[in-house]
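Chemist: The following feature annotations were taken from TrEMBL:
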type: DOMAIN; residues: B:26-474; note: domain 'Amidase'
type: ACT_SITE; residues: B:LYS79; note: active site, charge relay system
type: ACT_SITE; residues: B:SER160; note: active site, charge relay system
type: ACT_SITE; residues: B:SER184; note: active site, acyl-ester intermediate
Amino acid sequence: MSEYRIQGATGEWEVVIGLEVHAQVTSKAKLFSGAATAFGAEPNTQVSLVDAAMPGMLPVPNRECIRQAVRTGMAIDAQINKWSRFDRKNYFYADLPQGYQISQLYHPLVGEGYLDIALDDKDPENTKRIGVERIHVEQDAGKLMHDQHPTMSYVDLNRSGVALMEIVSKPDMRSPAEAGAYVRKLRSILRYVGSCDGNMEEGSMRADVNVSVRKPGDEFGTRTETKNVNSVRFVMQVIEYEANRQVDVIENGGTVDQETRLFDPDTGTTRTMRSKEDAHDYRYFPDPDLLPLELDDAFIAECRESLPELPDAKRHRYENELGLSAYNAGQLTADVDVYQRYEAILAATAAKVGKSESDVATQVANWVLSVAPGVKNATEDADEANDTTAANAGIIALSAAGTVSGGQAKEIYEIVLKTGREPEEIAETEGLKQNSDTGAIEAVVDEVLASNADKVEEYRGGKDKLFGFFVGQTMKAMKGQGNPAVVNEILKAKLG
Amino acid sequence: MTELTELTVAAIRTGVAGGDFTAVEVAEAFNANVAAASQLNAFIVATPEKAVEAAQAVDAKRAKGQDLGKMGGVPIGMKDLFATNGVQTTAASHMLEGFVPQYESTVSQKLWDAGAGMLGKLNLDQFAMGSSNETSYFGNVISPWRRKDGGNADLAPGGSSGGSSSAVAARLCPAATGTDTGGSIRQPAAFTGISGIKPTYGRCSRWGVVAFASSLDQAGPMARDVTDCAIMLEAMAGFDPKDSTSLNLPVPEWEAGLNPDMKGKKVGIPREYRMDGMDPEILKSWDDGIAWLKDAGAEVVDISLPHTKYALPAYYIIAPAEASSNLARYDGVRYGLRDLPEGAGLQDMYAATRADGFGPEVKRRIMIGTYVLSAGFYDAYYNQAQKVRALIARDFEQAWSQCDVILAPTCPSAAFALGDKTSDPLSMYLNDVFAVPASLAGLPAMSVPAGLNSEGLPLGLQIIGKAFDEQGVLNAGLAIEQRAGFTAKPEAWWK
Amino acid sequence: MSVDKATVAKIASLARIRMDDAACDAMVPELNQILGWVEQLGEVDVTGVEPMTAVIPNTLRLRDDVVDADPLTGGGVRDKVLANAPAPEHGFFGVPKVIE
Ligand SMILES: [Mg+2]
Ligand SMILES: [Zn+2]
């Protein structure tokens, strides 16, 4: 990644980016009430008296939400604070029933950590370390709907009180691409840990994008915060737009206002958020309904022990123990779904062929990363349910044993996807097998050489290129079912 | 037979259980008193049918030989700060006028489960902010007491639990719930010649109680004597998983543990409570209390609580700060008053609703609380106050190495006339100068009647105990009660 | 520190309490009296004192992650939640239109 610079009238500008990512904690019940968190329910059906801030209602924290935030902190090598506290952030808004959000300002649950982002897909070792300032736990707000009634907005509190982790980065990013890589890496880690499903479309993850510009080497400029940006692409667009807008403002003699902005995905632009204009004074203070949160050693130990192998560690292991290329290892470990599929198929394949995982790792990696997705994309009436670990392993095993050719493997996979039939059975009944019988191949080769004596003469005279001709003739005679390796071997021997 | 409405909680319980009278008879007798006392304005809503219904259930249980519960057959008044399912709950504010909760507070539920019935919802200072019951949207509560030197000036029943104190003193109910944030049980109890205890912070669940200041609010009983307080507190207290600050401890058998023998006990007399220009009659009642406890076998020791002077100012930062946030939920969106001026947007609706729904004292405290939490002032005010609060708690902690309980006056004066202090908020706040330190430290504290002053008005003595030692407080209270021989009661001029 | 009318107006706006000129004027001396009085706390030496967090020694309990474990604090009670709403609309709370 080369340095990202905005070309202004007065020269080059550097952009400085920090992200506050709000990630919905995976939990069944809300942070401070027993109402459910499931997405997409009827309005106000997942709202308890507590969430609606009825008089006299009180918060009691959900252990699982705390646990997930702690595990997330551990996954980014962050400091876990055994003593933390909830504070109230006071402001008035229709999606905020209590008139305050229970959050953590002064003593967050998780302190400083970091994550390493890849600057180049092809070279996962080329990384940049992005600091994480803190992770705190807080309540989500409800939802306002503006287009249901001419003069009214409608309030749905189903999300109100759902647990969020606010993951605050340091202003360490310098380009839209770095910010994109950061969000993707963070999402990957959250999904590995299981603390957030990372579903940006459903709002499980959204970013507040802090952007400022400066002349390279200068002090930080004034930043704007664009709220609730809900895709990686939009995060990058916001940065692009804001950086250019700010440069324009400054170069035209203006100053950048420190303000909250909204992103409009339709136009790719940002604008001042009117409703939050006067909300600067949040009057934070410790929530008197909640005692300080103290974590004991057993709790912390359980969090640590329950952490899975994380993306970077897994990638290194794939390279060092399985012998995968850096690129493949990076691709396979980028997301939970991919590595889980890979590891399942790898184990099944190794068992099937009676070899170690490292012996078949590369073959399985190629299958999972390129062969299988290619076939799948081309197969219109594929049934996802047919795409089982056993079927995939079965096809790879057939291929590894030389029973089927690469092309045949693809054909078998296509039939598997459509019908769910067994790969071995398909190979058998559909004739999708290659012939490795040396006797039979020798007979065909003898015939081919006999009927092309002139070419054999030329070959032996030094026309090496003719080797391919013999292979082609042999394969043709065998209707494409000859095992190419065996064919090659026999031809080599016979031609001397 | 004595009039049923003269009976204590203990006597009603015994009489109903023994078949001397039915619970329904008791309920009806109190319902009649409530109906006849509208002049006192102690109730915002009377619920005679609820009282009778609960009594019928108790009588039916008795017929079947079942256990009647700790409060079996006792009708009570419920401070209108406790949410009561299906019954309007207002916190004495216009904001919540007409608000009918669909839930029952933990404390009131426990009382109903113990066999008590509800006579009605008692008036109070709006959102429990006040010391005279003059801030209620539903009008002042009038004390049943009058000065004996003629002068029919209406007197303050104290506050914020003024409806409770007035109703118990006037025999409209044998007992009532109160809440105490900075003296709101003890001061009204002292003003009206009844007993009331604020337990250790966390003993009674705050779930379903309209919040004023979360770190201070505690519910407690108000009744005619110490035994009744013990009985009712047992029914109200207990761990509630719905309240994060609830104490996860078993409820002691305070009633069974009552013992007025103070032998081997040390009573601390805090020298800082002896303030300049104090009412000599208050000082005299304090001396009486000392003598009575000595008579009960206690050793009396001088103690020092050096930060006493700073308790009230600390309280008037912490309580309004918490209140300013706790009362933010009253915004006209989900329940309660909505004032939507023509063409108003959301934020204008909030401002109009809150201007209309909150009374002047509530607004004043929200303003103070908002100010002390606002940018740039948090450390100087709120944080400083919480540090001073820690020092006040430490004062008590140190005192416990010298004594078991502390004896002090409940208030600096007897009841004053309604209107006397309304023009000067600060002089009103000073009423709670002796009550607030125990609130800030979360300690159990009670007020018991000590006698009448020269004007014929009740004075109260306060006993402050160690955390969790309600028993020690109740026992000292009982020792005083037995020696004070307080039997005075107000003339029923309102009937 | 003492407050002036502009400060009172700003605080009233933060607290979302509509206050006209006269009300702000009246509030200025009231707040100043109270603030002047509480400022005596500044005299107290609080060196090394931590602000109080838990009045009675007690630790924060955490509850299990169970949906609707207690009906009083669980969901699925829309009727109760909306029972007192000034403007319930199709299962929502209605508020004057908000422009974000
Ligand atoms: Mg933010
Ligand atoms: Zn946040």
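Our numbering is plain: 1 for the first residue shown, then up by one each step along the chain.
For all residues, glycine too, the Cβ spot is worked out from N, Cα and C.
Tell me what's around each of these sites.
Modeler: The number of other Cβ atoms within 10 Å of the Cβ belonging to B:LYS79 (active site, charge relay system), over all protein chains shown, comes to 32.
Classification of B:SER160 (active site, charge relay system) by DSSP places it in coil, neither helical nor stranded. Within 10 Å of the C-beta of B:SER160 (active site, charge relay system) we count 35 further C-beta atoms, all protein chains included.
Long-range Cβ neighbours of B:SER184 (active site, acyl-ester intermediate) (same chain, at least 6 residues apart, Cβ-Cβ under 8 Å): B:ASP125, B:ALA128, B:SER131, B:GLY159, B:SER160, B:SER161, B:GLY178. Under the DSSP three-state reduction, B:SER184 (active site, acyl-ester intermediate) is assigned to coil, being neither helix nor strand.
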Chemist: Per-residue pLDDT averaged over the domain 'Amidase' (B:26-474) comes to what?
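Modeler: Mean pLDDT across the domain 'Amidase' (B:26-474) comes out at 97.
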Chemist: Helix, strand or coil by DSSP: which one applies to B:LYS79 (active site, charge relay system)?
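Modeler: For B:LYS79 (active site, charge relay system) - judged by DSSP and reduced to three states - the answer is strand.
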